[in-house]
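Beneath this line is the structure, given in structure tokens, with notes to follow.
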Amino acid sequence: HVVSRSSPDLTFVPECLPADPGEIKELQHFISRSKKLFVMTGAGVSTESGIPDYRSEGVGLYARTDRRPVQHGEFLRSARARQRYWARNFVGWPQFSSRLPNVAHLVLRDWEQHGKLHWLVTQNVDALHGKAGSQRLTELHGCTHRVSCLGCGDQTSRSELQERFAALNPTWKAEAFGVAPDGDVFLTDDQVRTFQVPACSKCGGILKPDVTFFGDTVSREKVNFVHQRLAESDSMLVAGSSMQVYSGYRFALAAREKRLPIAVLNIGPTRLDHFASLKLNSHCGELLPLIN
């Protein structure tokens with residue numbers, strides 16, 4: 001597996017103090033006691049691979065700009081919204097798709113291979129856990145590397161669609177203004193206006209990335225599947241997520257109901273802080289490699 005071994009890009013990682021030896025010991029104890037660990041990751045695991053998040057204080061998209069991600073309903077209703085989404089995604093894709101897993105992704109893969117990690121659920125759509133080699137994995141919000149047709153359900157790879165975009169827009173050029181989460185970039189309305197968006201090659205339907213947009217819900221089957229994996233587990237670790245989004249938070253509530261010990265590793269406050277048995281404010285890529 002190809003992995004970024006160079007020093008991580010910390011542009012989008014909030015500042016925090018180095019991990020305290022006492023905290024390292026507490027997390028080590030937590031992980032050692034666990035026989036079937038359920039892990040949920042969020043954007044804070046990917047920021048060290050150079051992918052910005054939405055909510056980090058000072059460096060997240062919401063802190064830096066007044067931009068908001070596309071809403072599910074708007075994408076379905078408006079051809080203009082789809083054109084804007086795909087134009088920006090087309091420009092951002094080469095950079096976004098070439099991002100590599102960082103040490104946090106690798107540690108979680110190693111835990112799985114050593115039988116320590118029972119199941120990994122990620123809220124990220126960047127495929128980095130898959131690139132790292134994790135297999136006991138559920139991508140809760142889907143993955144930007146796949147594209148689905150809303151008409152016939154046909155699935156294609158996002159890289160294949162990139163070639164179709166390029167063929168349809170041979171003279172279209174746009175410089176991006178800054179990078180955003182999920183492979184998005186900022187473009188002006190003028191730049192977007194002439195961008196051509198292909199339809200499904202099977203049925204002519206609308207193409208959408210295989211991700212859960214804001215305002216959409218995760219399928220009942222997937223939620224049930226994750227609840228089953230959680231029911232088999234004996235503890236829960238949340239890494240790099242404030243758990244502000246209910247689709248992930250519900251599993252922490254279920255873990256609390258089952259009285260599972262919960263550890264949270266995240267820079268800044270989370271929705272779990274008042275009932276987690278352990279809360280650590282550290283970089284995932286700094287703390288996780290210290291745990292055996």
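Placed from the backbone N, Cα and C atoms, the Cβ positions cover glycine too.
What TrEMBL annotates here:
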- His141: active site, proton acceptor (ACT_SITE)
- Cys149, Cys152, Cys200, Cys203: Zn(2+) binding site (BINDING)
- 17-292: domain 'Deacetylase sirtuin-type' (DOMAIN)
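Structure with TrEMBL features highlighted.
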residue	record	Cβ contacts under 8 Å, 6 or more apart
His141	active site, proton acceptor	Gln123, Asn124, Val125, Val211, Thr212, Val218, Ser247
Cys149	Zn(2+) binding site	Gln155, Cys200, Lys202, Cys203, Gly205, Ile206, Leu207, Lys208
Cys152	Zn(2+) binding site	Cys200, Lys202, Cys203, Gly205
Original post:
Can you give the mean pLDDT for the domain 'Deacetylase sirtuin-type' (17-292), rounded to a whole number?
Top reply: 90
Original post:
Which is it, of Cys200, Cys203: the one of these binding-site residues whose Cβ has the most other Cβ atoms within 10 Å?
Top reply: Cys200
Subject >> Cβ within 8 Å of the mean position of the Cβ atoms of Cys149, Cys152, Cys200, Cys203: remaining residues of the chain near Zn(2+) >> reply: Leu150, Gly151, Gly153, Asp154, Ala199, Ser201, Lys202, Gly204, Gly205
